[in-house]
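Colleague: Dropping the structure in here first, questions after.
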């Protein structure tokens, strides 16, 4: 069935519907990864967004049992050049159409996704609507203009109640702002005794669990929409070693007095070079963010830039000068994308051990 | 890290002649690298024996040595030039092996030359099987069970352990020469023994066969700071078991999930880091289609064919950056030349699908074994880009120029053969697969037969299904649009709709179904780029903006094949440069990923497109150039001229009408008659009966060939009526559209001339004389400049005829003429109204920029304004020899005897002060080992016996031992020449084949008998020589040339009382 994508600037793309046939509105963003659509679809950070893949053939290896990054996908819509109807991979269980249908997510295929990407590159991320053919462009644009995009995505995607993912190693409290399973996977791989708390956990909630470390997860949207978390971070800072990823990184920066701003079209893909300032070495990283910590806002903080994006110079990593805390804007847990920065989880473990040694902490 | 300040001069080793497994990709890489080093301020000294390359142009390096790529000559250059450093990783396996030799011989140490880039130790670790396996074990990277064997006994022992099938890979050979899969003892004996012989270190790797695994390649780069990136990954459609050079390859991988992608990416980066590669590297991996199990197949620690493909597939110039890494720069401080705004330290992302299909020489070598395995057989390749896999595949198919515009078979086959052709991979497998789907075979069944991933098979099945949709919806615009999005050519649609191609084109234009052009920008549009590198697709937004500047379109020459090689790319590139100099926008259309012409930095705009009328017209419709230049793209471009003109496109330079007068037999004959220039008697035959009548009329022997062919395809010399009939029945299909040309065969000296004409003046840079007499294709004969045996009168006659022909044919641009000198008279054999194979050779030795001049003349300049005149340029000092290079060792079952059909894949130059010295260099550079002593084995046809006596005597006089078969021996004995008789193949052992196998002869001279029985004996002798690496000369002229060299380098040792034999 023919359906359409209409952007707030009035551009219209007609394509072939797949997945759900409901109408959806979201912020249209592009991801340049050539593989990893299953992980992208289920990355809660895309809550509120309609994602277009720049690689034209999507769904080639189907949807499998293992590569989900959350139990439920939160992406609002999915736009591709071609959605593969006969995937081929030994792990494939469903086609992408079947999966999106089950999860009630609308998709649109047959779109000139390169044209769409170039529009987003030029104008910045913009609102869009996937709808039936009977909606006129002017109607849609008017509707898009007056629609406020959601600001409560973190609340929507975060776990409602705490849960444990037990291990025999360091106790890590993981705050779920829209956590990708990959983060949990990396902590589990390092035998951590993980307790996952909702986004609005208080300092009390955290400290009560006597954590060896606190991990701030990734998540959707504007960090300023999650003020609760900022208070919590301020409370635990210095008392427990802290590691943050993506939204967690931005929240950490805000908690330390820095500022964040919205980027024109963000960084979304698996090929982003990040330079480690201390060693000068570059890692190719997986990224997904539309906001960034502003450099000038660091002046009056105790934060130090550890990593920058090689291409646009934006901040990709921060470290607190006084207390054990560091964060990165990118995704060391990969999934999808390169695992070059995976060692950051080891750094976190080392930081925890160092902290324990210094404080003479006796927990396991 | 800043670039190295402690070195000034860098020696770059090229890859030498084009052979199967090592082709134009190294001209592309080498040219890029030399320019990159110059850009950084280094003085570049280049050694390369291949005159047909852009790389050996004097402006590419500060000093260019066109010398044989042997230890002897390169050491000489090093001792003379004393470079500070050497960069060995850009000249393919040849460059790498030579660097290893130079190091081992102590030359580098002696002259204080440092190896740049990847260190020798790393190269050896990657190339030496045992060291490589040890490293992989250390890293925990899985490699298939294998054993290094040095003898057949060791091979038996291994097979006993793990069983068949096993793969044999000889160490240190090009393109897997001599390798193969063995499923039984007979094959094991065959392949292992020849592999051991071919390996310079006499070692083979025997490996558990993992045939059926997915074959995945990663092109990776690393710098001295340990930054490591993946430029591109690629998936071979053909599973493991077929050499990647012979496989259809897509980029990026299509059937790998992110986990699999990252699994193999991690492995590749671990390996390149462990090896300490500084530059580019290719990692080949095999992935189980049913698990995460993978194996590392091999690593090439240098730029390669795959890196050229990856560069063109992504836009990311690997060789250029590898060269800069070698002088100390790091990836994070270099800009990505494509965007100009982002850094080179990132991983390109594609928003299109790339398909590469190899081009095979089987159209020329009909007897060759078309089965594909671990031994590479392709001479070239095409690449196509599309937004769907179907589009990319179908565009690649029609880029092949095999007169096929769709996935369809030319001939009918029965079901059994169809199945066989799918089970046992050959070059035409995709066509058989499509046919199978047409006959209702399921994807599952074809998968079971071929082990090709169902993803690709389903796509092919979808294409086939859409053929029926088309047939059921004639004229339906929506269906038409969808078909174009799937990459169907107008020809294919026209066939389904039973109309002419032109009609489909018109319907489309009316319905506004025309392609848009998208940019190849390395970043999927994330960043703004200005790379003028485009491909067509059927979507909404066109990114190729037409500028107000006047533009000129140059048509490239497509894939490298025998008869149309890198020489045409050379001329194309020079034409592009000349157009830019003349102030026009230069636009090129080509589809060969290996070459310099498809480097986006060469032209103002590059369209990576099939060279079919439809695809070319699309570009022209958009760009509205002032005209199209067809003279430099070989027959590919010439063949498009008529249809382009018919569609109102202006052909620049020699007009279509005049092109036709040179190519059309009758018109040409009339022109010659008018000009009073003689040619061997000949006529065009439109039927078999006519052919016979003509031959009898002009007298045997006659030369027969189809009209309009390049490289002497299907050309033969026939001596009697029966042979002619056999030819007419088997070699050609004669009909009124495809006549056959029949000419008197004049046994004389062949002379070749290239000239430039502006319609008024005709400038002739030089005359070349061929060593082999007419009848051996000009591309396969040794050519000498300046002519060594022509009198002044003859030369003048040639000059006069050339001028008359250029004017008479109203040539504007280049022309190439072949003459034969017979009985003191000069006859014209053929005129090619276009750039020829000899243009680069002649340009380089005479310092006349021929393609540049021709282009400017084509654009309206006059030779006089450019400083040239009518007549022959004064001869350059020195003697220059162009020697052909063959790839026979790689093509089993191909007869190596020289004849009118071209067989060589490349060429080398030999230059020195005297003819003998130049010839020596030419022969050595072409890979012939010239030994001052040894034995020569002669088997001479009766017609040549008389002539061979003198040759035999001369070999004897320089101390060679003579071996001969009975008949030949008898002739020699009668002439009082001592000779040892060798048994013929059927008359006992040890026979002639044993002599060759055991290395008892250093040269074999075998001339062709036209009797069928002995022919097969001759064939076996010649093949045996090739497979044992012994020079086999099939023309007595080549033998004489070799003797000339031997005599020049040999001191005679005659006892005081002894008389020379025969004196």
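Heads up, the Cβ atoms here are built off N, Cα and C, so glycines get one too.
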Colleague: Name the residue, out of A:45, A:70, that TrEMBL lists for the same L-glutamine site as A:219, A:221, A:247, A:250, A:288, A:290, A:291, please.
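Modeller: Candidate in the recorded L-glutamine site: A:45.
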Colleague: With the L-glutamine site defined by A:45, A:219, A:221, A:247, A:250, A:288, A:290, A:291, which remaining residues of that chain have Cβ atoms positioned within 8 Å of the Cβ centroid?
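Modeller: The surrounding set, listed in chain order, is A:178, A:218, A:220, A:222, A:223, A:246, A:289.
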Colleague: Using the alpha carbons only, what distance in Å do you get between residue A:331 (active site) and residue A:221 (L-glutamine binding site) once rounded?
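Modeller: Approximately 16 Å lies between the Cα of residue A:331 (active site) and that of residue A:221 (L-glutamine binding site).
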Colleague: Within the domain 'Carbamoyl-phosphate synthase small subunit N-terminal' (A:1-131) only, compute the mean pLDDT.
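Modeller: PLDDT averaged over the stretch: 97.
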Colleague: Give the distance between the Cα atoms of residue A:246 (active site, nucleophile) and residue A:221 (L-glutamine binding site), rounded to the nearest whole Å.
Modeller: 11
Colleague: Across all chains shown, how many C-beta atoms besides its own are within 10 angstroms of the C-beta of residue A:333 (active site)?
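Modeller: Here the count is 27.
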Colleague: Sequence gap of 6 or more, Cβ distance under 8 Å: name the residues on the same chain that satisfy this around residue A:288 (L-glutamine binding site), in order along the sequence.
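Modeller: In sequence order, the residues whose Cβ lies under 8 Å from that of residue A:288 (L-glutamine binding site) (at least 6 apart) are A:31, A:40, A:43, A:45, A:46, A:218, A:246, A:266, A:267, A:268, A:331.
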Colleague: Could you find out if DSSP has residue A:219 (L-glutamine binding site) as helix, strand or coil?
Modeller: coil
Colleague: Determine the minimum-neighbour residue: among A:219, A:221, A:290, listed as binding-site residues, which Cβ has the fewest other Cβ atoms within 10 angstroms?
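Modeller: The binding-site residues A:219, A:221, A:290 were compared, and A:290 has the fewest Cβ atoms within 10 Å.
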Colleague: Would you find the one among the recorded positions A:246, A:247 whose Cβ has the most company, meaning other Cβ atoms within 10 Å?
Modeller: A:247
Colleague: Does anything in the same chain, at least 6 positions from residue A:291 (L-glutamine binding site), have a Cβ under 8 Å from its Cβ, and if so what?
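Modeller: Spatial neighbours, sequence-distant, of residue A:291 (L-glutamine binding site): A:222, A:223, A:250, A:260, A:261, A:262, A:263, A:266.
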Colleague: Looking only at the domain 'Carbamoyl-phosphate synthase small subunit N-terminal' (A:1-131), what are its DSSP counts of helix, strand and coil residues?
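Modeller: Its residues fall into 26 helix, 52 strand, 53 coil.
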